[in-house]
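Per TrEMBL, the feature transmembrane segment maps to 52-74, 86-107, 127-147, 168-190, 210-231, 251-269, 289-311. Per TrEMBL, domain 'Rhodopsin' is recorded for 71-311. If you look up TrEMBL, you'll see 340-365 marked as region 'Disordered'. The compositional bias 'Gly residues' annotation in TrEMBL covers 353-364.
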Amino acid sequence: MCSAFGSPSLSIVVFLSFAMTLTREQFLDSPAAHAPPGVVPNLESPDNTRNYAFPLFIFVVTVTNAVFLAKLWVQLRIVKKMLLEDYILSVAWLVYNGAFCTIAVMICNLPVGMHRWDMDMSHLMKHLFLFNCAWIIYGILMILIKANILLQYIRIFVPDGTRCFTSVACYTLITLNTGYHTMFVFMLIFACVPRHKIWDSTASGRCLDWPIVLTIGNTVTFISDVIIWAVPQRIIWRLHLNRSKKWGLSALFTIGIFAIICSAVRIHYQILLLKSQADVTFIGSKLCFWGTCQVTAGFLVACLPTTPLLFRNMKKRTWAEKLRSCVRKIWKLSTYDSGSTRENRVKNSSSDEGGGSKRFGSGSGKRVVTDVEFDELVNRDMSIASQFTSRGDDAQSSFGGSARGI
């Protein structure tokens with residue numbers, strides 16, 4: 001096939017020569033390729049990898065958005081300042097969700113992971129068009145994400161107003177990465193002249209030899225990923241810190257190893273595509289999947305350095321603690337009314353036992369007599385009256401009147 005994937009092999013030339021004798025409708029409905037020896041093509045219900053590719057895609061998208069929103073929350077609520085690299089990463093996040101994820105969902109619903117001989121030509125054109133769009137957006141994301149990471153390294157590890165190996169290395173990498181991926185994006189956009197020949201092999205025109213270009217490009221990406229991972233490690237292990245703290249700092253940037261692994265796997269599949277383009281749809285789906293994982297790894301590397309600041313803020317007072325405090329207050333209010341009467345009785349009783357003289361309130365000017373005091377007074381007066389009964393009616397009437405007057 002003469003497309004963005006390189007010059008055609010002999011078998012594909014023979015196949016296209018046969019296809020050129022068909023009408024446009026017949027050509028679109030014809031098989032996209034001859035099946036290998038011993039393989040029976042299945043155009044009705046072809047095998048694909050959508051059942052596990054789409055859930056994995058949802059997982060990596062969830063992780064990407066979670067770490068970005070956590071970083072954005074730290075910048076807006078804790079640091080309360082957006083830096084240049086934060087704006088760059090925000091643009092990358094918008095491109096990721098607005099364009100990259102949209103194309104990825106469309107690729108998953110093709111469905112993804114089909115062999116070329118299990119589809120017709122119209123289906124093959126959809127694959128090639130979406131693959132081309134996905135790789136263009138991938139190149140744009142690599143420019144933005146790697147620029148963010150390297151600018152963060154300069155801000156974290158290089159003192160203001162100083163010039164050292166780290167700053168020179170980071171600025172050099174930013175320049176080379178931006179220049180290379182910009183060239184890469186334009187080469188993908190103008191892979192064929194006219195452009196629609198990228199996915200429509202019947203169009204007349206010319207195309208670049210893409211397997212070699214993509215292989216070189218993935219190799220350059222792999223080397224840059226290794227250097228970006230090594231830059232902070234070199235600085236961390238030279239710091240005057242104990243070994244445990246060095247390991248902790250190093251772990252924050254170790255996620256970059258995952259990006260290196262993704263680049264290595266993509267080189268493997270790119271070499272397979274370089275050898276043969278007979279199954280370009282299946283190999284292309286692998287390249288897209290590992291490219292998606294590499295983008296997620298880039299977001300992780302860009303966002304995880306803010307994790308310690310986020311955890312320190314959460315330890316002070318988390319939203320869960322605020323919720324528990326609110327629940328406790330509501331619980332206290334609900335139990336206060338039911339127990340207020342009993343508590344008041346206990347308090348009054350303890351006050352009576354501890355100091356009855358306090359019943360004489362200076363503000364009211366009246367004596368408050370309790371039931372116990374009243375009984376004691378009555379019994380005492382009646383006892384005194386009985387003692388003086390024998391002395392005469394005058395004494396009895398005197399004390400009796402006193403008793404009645406109480």
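Yeah, the Cβs are placed from backbone N, Cα and C, and that goes for glycine too.
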Averaged pLDDT score, the domain 'Rhodopsin' (71-311): 89
The transmembrane segment (289-311) touching the transmembrane segment (52-74) per 3+ Cβ pairs under 8 Å rule: yes
Segment proximity, the transmembrane segment (210-231) to the transmembrane segment (86-107), 3 or more C-beta pairs under 8 Å: no
Folded-back contacts onto the transmembrane segment (127-147), same chain, C-beta under 8 angstroms, at least six residues removed: 3-5, 85, 88-89, 91-92, 95-96, 99-100, 103-104, 106-107, 110, 114, 119, 173-174, 177-178, 181-182, 184-185, 188-189, 191, 198-199, 221, 224, 228, 280-281, 284, 287-288, 291, 295, 298-299, 302
